[in-house]
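Engineer: Just passing along the structure, written as structure tokens.
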Amino acid sequence: MKQIHVIDSHTGGEPTRLVMKGFPQLHGRSMAEQRDELRELHDRWRRACLLEPRGNDVLVGALYCPPVSADATCGVIFFNNAGYLNMCGHGTIGLVASLQHLGLIAPGVHKIDTPVGQVSATLHEDGAITVANVPSYRYRQHVAVNVPGHGVVHGDIAWGGNWFFLVAEHGQRIELDNREVLTEYTWAMLKALEAQGITGENGAPIDHVELFADDPNADSRNFVMCPGKAYDRSPCGTGTSAKLACLAADGTLAEGQTWVQASITGSQFHGRYERDGERIRPFITGRAHMTADSTLLIDEQDPFAWGI
């Protein structure tokens with residue numbers, strides 16, 4: 001019987017399953033190499049951890065790893081029901097909160113190695129967590145995509161740790177009771193982007209769509225479609241970073257000014273940025289709450305031992 005020790009949390013409603021031990025040892029010299037090794041040689045562990053019958057489509061996984069940098073607290077690899085993520089803002093907040101829950105870290109600044117570079121996270125005395133994300137930028141502005149059944153939609157392409165297509169004018173009602181319509185609309189948009197060869201820089205696939213609307217209690221409300229056809233319950237850390245990059249490029253948000261980003265569930269992240277050459281360094285603040293400390297069991301006689 002194989003065992004996987006996990007800590008479950010949620011950040012603004014979006015769950016993170018942190019794997020503390022039980023996965024195969026990885027040997028890559030960088031987190032990107034270790035992610036590729038996990039994907040190519042040990043992907044069944046991701047499936048066992050996140051897919052039914054132990055998981056669900058909404059879960060985001062985070063594998064706790066030894067750091068590859070001398071000054072880092074740890075390394076991390078993020079994954080979901082469909083595959084692997086470059087970076088995850090809500091997951092980083094969940095990671096830090098979980099490590100505090102386990103007594104492994106104290107308030108202060110903690111550097112974390114990820115497949116797309118090192119980020120830092122500040123655990124504040126009151127439990128809030130601020131992630132200094134990877135340098136972010138807008139790649140293209142006002143890009144047209146023809147979405148079957150919906151016509152031409154325009155959006156910006158931006159990097160915030162993942163590639164996003166950000167749409168402000170869409171004619172959709174961003175409310176929780178409209179989530180099924182929003183899911184089908186944004187999924188059709190993702191498929192249209194792929195079919196029409198619209199990508200991030202150097203041909204990188206765009207795997208997130210972010211819609212925006214007004215919110216009476218925040219600067220904006222969003223709906224974020226993630227790879228795997230699950231919507232983000234949180235305001236999305238990498239998505240908020242991509243939004244900050246667009247606001248900075250438009251000159252509509254000053255350096256250091258706070259942007260309050262609400263999600264479709266009503267949870268909020270507070271974001272700001274600093275200039276970093278031609279890019280920006282986003283700072284995303286939120287909170288995570290623990291939901292479980294448990295052991296997943298894998299019985300290899302189980303026909304669904306490695307997921308459905």
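In case you wondered, yes, glycine gets a Cβ from its N, Cα and C as well.
The model shown is predicted, which means the values in this text are computed figures rather than measured ones.
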Engineer: Given Swiss-Prot annotates Gly89, His90, Asp232, Gly237, Thr238 as substrate-binding, which of His101, His110, His208 belongs to that site as well?
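Structural biologist: The record-listed residue among the candidates is His208.
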Engineer: Fill in the CA-CA distance, Cys236 (active site, proton donor) to His90 (substrate binding site), as an integer in Å.
Structural biologist: 6
Engineer: I want the residues beyond Gly89, His90, His208, Asp232, Gly237, Thr238 whose C-beta is within 8 angstroms of the mean position of the substrate site's C-beta atoms, in chain order.
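Structural biologist: Going along the sequence, the neighbours come out as Glu14, Cys88, Gly91, Gly160, Gly161, Asn162, Val224, Ser234, Pro235, Cys236, Gly239, Thr240, Ser241.
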Engineer: Write down the Cα-Cα distance for Cys88 (active site, proton acceptor) and His208 (substrate binding site), rounded and given in Å.
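Structural biologist: Between the alpha carbons of His208 (substrate binding site) and Cys88 (active site, proton acceptor) there are 12 Å.
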Engineer: What does DSSP call Thr238 (substrate binding site) in the simple three-state scheme?
Structural biologist: helix
Engineer: Return one of helix, strand or coil for His90 (substrate binding site), based on DSSP.
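Structural biologist: Helix, per DSSP.
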